[in-house]
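If you look up TrEMBL, you'll see 1-147 marked as domain 'FAD-binding FR-type'. What TrEMBL lists as FAD binding site is 113, 115, 123, 164.
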């Protein structure tokens, strides 16, 4: 899981977005990736339930290639967990996220869910920001967008802060009255405190019991917890994944490599998902 780049375009209507800032690098200027944007090393999804490319408009002042800096002003800060904060930034006038048609909250802003890492300069800097402070970001970058009802069902596998792109996908699918897609989330973390957005996910389960289910796996659950103990294993995935659907993956590099494998001569090493019968064309890594 790498940088998440925010995408801005010349429109006045603005969907809110929630992205993760699990970052490292130069303080003050960060690149955030849009939720369904393929990384340079990620395979473009084809075959099963493909994601469609979407032309991005660029924000005035950005370069011809779509790159440039814009400044966002911090409007509010909310503590989410012992090491995560939710930062709401105001978008510049006449701009909006060139994001998926997934978020239905209205407001001229972008939200960052920032997990603070030990010795992480970027995440520490973001956690130190107060309302009124500003942040420079890079974008926009061409990406993929979800097509409503492209799949009858999707599987989401998230680890730690990797829940954030999954949350936008969940929110967009379930809040779209035209959608019938069923969603299953398998979410792993070290402790229950590290399960971000759990209240929001529970609300979706309550509202859409026939279309959304979340399964949690925690390495160190609290005493008396009803959450499954352990990691996201092959056995857990075999029991929980919906066969035939598309799979989205986002989490720590070791988890992603275990699930997806790595590329090399003749495709390199296969991952757990291939061993369970899923093709690479079914799998999309954020």
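Including glycine, each Cβ sits where the backbone N, Cα and C put it.
Please treat TrEMBL annotations as automatic predictions, because they have not gone through curation.
Feature map: annotations from TrEMBL on the structure.
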residue : record           : Cβ within 10 Å
113     : FAD binding site : 23
115     : FAD binding site : 23
123     : FAD binding site : 24
164     : FAD binding site : 29
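Summed and averaged per residue, pLDDT over the domain 'FAD-binding FR-type' (1-147) gives 58.
For the recorded site, residue 123 (FAD binding site), the DSSP three-state label reads helix. Spanning the listed FAD site, residues 113, 115, 123, 164 have a farthest Cα to Cα distance of 15 Å.
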